[in-house]
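What follows is a set of notes on a single structure, which appears directly below.
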Amino acid sequence: MRIALGSDHGGLNLKKEIILHLEKKGYEIKDFGTYTEDSCDYPDFALQVAESVVKKEFDFGILVCGTGIGISITANKVPGIRAALCSDTFSAHATREHNNANILALGERVVGKGLALDIVDTFLNAEFQGDRHQKRIDKITKIEEKYSK
Ligand code: RB5
């Protein structure tokens, strides 16, 4: 499975831990940055990861900023992206099963490393349940189409 990762400076350290964790498990990963602790803008990294996921270059994206909020808001502006900000494992599997989320967002200043890695594993191992949930996702897509230029 191919995973695209991105963060701003506020999510850099947690992103590094997630990369080590995923590499140990044999995932193919690409880190779109940021690579240093210098202050930067989370939309720059959210956009790159979101576009790579929409283009199907990766199966899923993982985005990290201080809260996970700014980076998930940005990713959700890209049509076809369903980015879910999760701080617990229930939400992590529910958003795959019900929303077919294709990006997981995390807040480094919100969740500790242990919980964050459990959330990552839970998200990546859960499966979309389709059926009535697909009908609801189709409605999200219609809204995207309505507001696309
Ligand atoms: C950066 O200081 C911080 O604002 C950012 O990481 C994120 O929390 C924004 O939503």
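Please read every residue number as a count from 1 along the shown chain.
A Cβ is built for glycine as well, from the same backbone N, Cα and C atoms used for every other residue.
The annotation D-ribulose 5-phosphate binding site is assigned in TrEMBL to ASP8, HIS9, GLY66, THR67, GLY68, ILE69, GLY70, ASN99, ARG109, ARG132, ARG136. Sequence annotations record features per position, and here TrEMBL assigns active site, proton acceptor to CYS65. TrEMBL lists HIS98 with the feature active site, proton donor.
Cα to Cα, GLY70 (D-ribulose 5-phosphate binding site) and HIS98 (active site, proton donor) are separated by 23 Å. The candidate set comprises the binding-site residues GLY66, GLY68, GLY70. Of these, GLY68 has the most other Cβ atoms within 10 Å. Other Cβ atoms within 10 Å of the Cβ of ARG136 (D-ribulose 5-phosphate binding site), summed over all protein chains shown, number 11. With a cut-off of under 6 Å between the Cβ and any atom of ligand 1, the recorded positions ASP8, CYS65, GLY66, GLY68, GLY70, ARG136 reduce to ASP8, CYS65, GLY66, GLY70. With ASP8, HIS9, GLY66, THR67, GLY68, ILE69, GLY70, ASN99, ARG109, ARG132, ARG136 listed as the residues that bind D-ribulose 5-phosphate, the site has a largest C-alpha separation of 39 Å. For CYS65 (active site, proton acceptor), the same-chain residues 6+ apart in sequence whose C-beta sits under 8 angstroms from its C-beta are SER7, ASP8, GLY10, GLY11, TYR42, ILE71, ALA105, GLY107, GLU108. Residue with the densest Cβ environment among the recorded positions HIS98, ARG109: HIS98, by other Cβ atoms within 10 Å. Across the structure, HIS98 (active site, proton donor) and ARG109 (D-ribulose 5-phosphate binding site) are spaced 27 Å apart at their Cα atoms.
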